[in-house]
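Copied over from TrEMBL, here are the features:
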- 16-38: region 'Disordered' (REGION)
- 69-256: domain 'Reticulon' (DOMAIN)
- 80-95: transmembrane segment (TRANSMEM)
- 101-120: transmembrane segment (TRANSMEM)
- 174-204: transmembrane segment (TRANSMEM)
Amino acid sequence: MADHEEAKGGESLLEKISGKIPGGGGGGSSSSDSDDNRVAEAAEAAKAKVYRLFGRERPVHQVLGGGKPADVFLWKNKKVSAGALGVVTVIWALFELAEYHLLTLAAHCLILALAILFLWSNAHTFIHKSPPRIPEVSIPEEPVLQFASALRLEINQAFAVLRDIASGKDLKKFLLVIAGLWLLSIAGNCCNFLTLFYIVFVLLHTVPVLYEKFEDKIDPFAERAMGELKKQYAVFDAKVLSKIPMGPLKGKKKAA
């Protein structure tokens, strides 16, 4: 009996000691939980520091504006995206390959639709079918005003950016805009506006969804490319841009 009581006392004493020692008993689970939390926080911080193309911090869906247009570009609803791409492809083929003109196409479509509806409305008694229900079509005022307001804001913002560039404050931005407009002029010489619009539309339906799918592989490559571009720009800045006199009037005023 005495040996049994001594064994019990020894076990209780060991339990008390292990409970006081950090990492022993119940403290071990809490410390492991805290370690897991620290590892998770470190992983999230490392993920946040990963380079993203063009320095974006939001998902691709939000970068595209969110809502239904972003869903179409990212093929969230494959039927809608495929339908939009198919309709635009048919329109482009009619104008470019079949060499249709917009006025001719609109007139032919209206002739066909009116002829079918007129014949159906007059022949429904002979074919024993109900007459066609022609819906009343009207353009609501509110969406038109919202579109006009959004377009006005975008145009004003573009004017403000052009004014800021023309003021000569940022040479880097000026060169980027000039290069972009020059590339746009080259594209305009190679194809007409409709073909250019179709190419942009196809790119919007392919590039974002491919980037979203393979962004973990694309971003490291883009980071290396951007680093190389920055190096080349630094060399160009040191050899060319830094030698261009900027603001001689301001320099004279400071000297005076």
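Even glycines carry a Cβ here, placed using N, Cα and C.
Predicted automatically and left uncurated, TrEMBL annotations should be read as such.
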Reported mean pLDDT - the domain 'Reticulon' (69-256): 84
Within-chain partners of the transmembrane segment (80-95) [C-beta distance under 8 Å, separation at least 6 from its ends]: 71-73, 101-102, 105, 194-195, 198, 201-202, 205
